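Feature list (source: TrEMBL):
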type: BINDING; residues: B:165, B:166, B:167, B:231; note: NADP(+) binding site
type: DOMAIN; residues: B:5-119; note: domain 'Tetrahydrofolate dehydrogenase/cyclohydrolase catalytic'
type: DOMAIN; residues: B:139-281; note: domain 'Tetrahydrofolate dehydrogenase/cyclohydrolase NAD(P)-binding'
């Protein structure tokens with residue numbers, strides 16, 4: 001039976017480190033600040049926002065929330081975003097997505113200032129992730145996967161890692177980050193033939209495919225490390241991951257739960273990115 | 001014994017298609033044009049340039065070569081590049097790399113106009129490759145791999161593909177392009193443990209690792225398709241790939257030679273990209 005990779009412990013460790021950095025910056029007269037840009041008041045955005053604000057407070061990072069009307073047009077939105085870009089007191093910008101339909105993310109992603117883009121919306125940061133250039137910002141969730149593996153001293157050099165899912169928020173960027181640690185990386189997905197035979201070769205399996213409890217024990221090698229990025233609601237209305245935790249913990253050596261796994265680490269990564277952005281800008 | 005994937009045939013087919021498109025544009029009064037920006041007169045640049053100019057001529061694409069002094073400084077280089085960006089008669093720009101040391105590619109890559117950047121220097125195009133957004137330009141060499149596989153009707157859906165090498169000119173972009181065709185993709189490299197056991201699982205093996213004849217028959221599965229992107233000089237001073245062709249053709253079902261494989265296709269891809277750029281701009 002495997003051990004749990006506890007996201008709360010990883011988050012607490014990152015928080016401590018980040019708060020110390022924030023205090024150093026404050027001692028030098030710089031107040032690190034995250035500005036959240038939110039269009040409308042979607043309940044899931046509000047829920048994430050509460051968590052993020054609390055985390056920033058815990059890390060001594062200042063915050064501001066810019067709530068924009070749900071029916072804002074493209075021109076006004078871009079004007080508002082540029083104001084945040086130009087605001088010298090703001091070091092990091094988090095923009096909730098998806099945006100309402102009248103706003104074109106394909107245009108907006110070029111507007112956000114890359115040096116403040118702490119969750120990797122800008123193509124400049126996407127390209128840096130692919131290039132393995134650490135001067136940019138990878139998205140918070142794949143970075144949280146890496147921080148979790150790092151905290152638990154998982155040696156990725158030459159490891160056979162398998163990423164299930166190829167999205168731009170999880171699968172592709174986490175693959176690039178794993179490559180950067182010298183892992184061998186296989187990217188598989190819904191079109192992969194004989195999926196469980198591919199995933200069950202993994203020393204480290206990262207799952208972000210968006211299907212509740214899809215990964216059952218036959219997908220997992222005995223002794224594997226399993227990182228579950230999925231967040232779904234099961235048939236009883238309870239949160240669950242893409243991995244069937246109860247089954248897979250029997251085979252895995254280490255496994256993240258949902259909730260309490262990678263999801264607990266993302267706001268700490270966000271805080272760390274704000275500090276990094278603040279240092280780049282000051 | 002395998003069949004040869006003949007790059008010259010692929011190139012000729014692309015050339016025919018591209019020349020027809022160029023003629024249609026010309027009929028509408030638009031002359032598609034590639035401008036090559038070359039700093040100094042490196043023999044390997046000159047050799048590639050001759051091939052590229054000949055190919056463009058064959059495709060009825062106009063060309064211009066802007067040769068800049070080898071000791072040009074960053075400011076003057078950027079000024080010259082911006083002139084080409086702004087030149088309305090130029091639709092595609094090819095910039096030879098690596099640049100001399102006094103020029104900072106990390107700055108210059110943000111200057112080239114993304115819509116004219118036919119060999120994927122700009123981060124905008126790098127990000128599009130990662131996103132699977134086909135409105136941009138992938139680098140010519142990985143695109144040549146894909147065109148070769150397409151010409152020979154290789155079905156990539158669900159195929160087990162392995163990419164050996166993780167460079168930004170071959171390995172990473174070709175992995176993203178293979179994913180875009182719904183292949184399962186494994187990226188392995190010099191740090192991969194037991195490399196031949198990984199590569200010998202591949203239905204399609206793409207090799208771009210820069211080591212002469214490194215891939216011997218034990219790296220290849222019986223009946224695999226092998227695409228060799230390497231260009232090296234062997235102990236007798238002859239061109240060779242990263243694959244030991246004489247050994248591997250015995251096991252492969254289809255295999256590219258070097259020379260005469262993927263390398264023969266790249267200038268045709270370049271021509272195709274110039275036409276695409278021209279259409280985007282007109």
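In case you wondered, yes, glycine gets a Cβ from its N, Cα and C as well.
Automatic prediction, not curation, is the source of TrEMBL annotations.
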So if I measure Cβ to Cβ from residue B:165 (NADP(+) binding site) and keep only same-chain residues at least 6 apart in sequence, which ones fall under 8 Å?
B:171, B:189, B:207, B:208, B:209, B:210, B:229, B:242
Measuring Cα to Cα across B:165, B:166, B:167, B:231, which the record gives as the NADP(+) binders, how far apart are the two most distant ones in Å?
16
Near-A candidates in B:165, B:167, B:231, the binding-site residues, by Cβ under 8 Å:
none
Suppose we draw a 10 Å sphere around the Cβ of residue B:166 (NADP(+) binding site). How many other Cβ atoms does it contain, all chains included?
24
Count up the helix, strand and coil residues in the domain 'Tetrahydrofolate dehydrogenase/cyclohydrolase NAD(P)-binding' (B:139-281) according to DSSP, in that order.
53 helix, 26 strand, 64 coil
Just to be sure I understand the packing, how many Cβ atoms besides its own are within 10 Å of the Cβ of residue B:231 (NADP(+) binding site)?
19
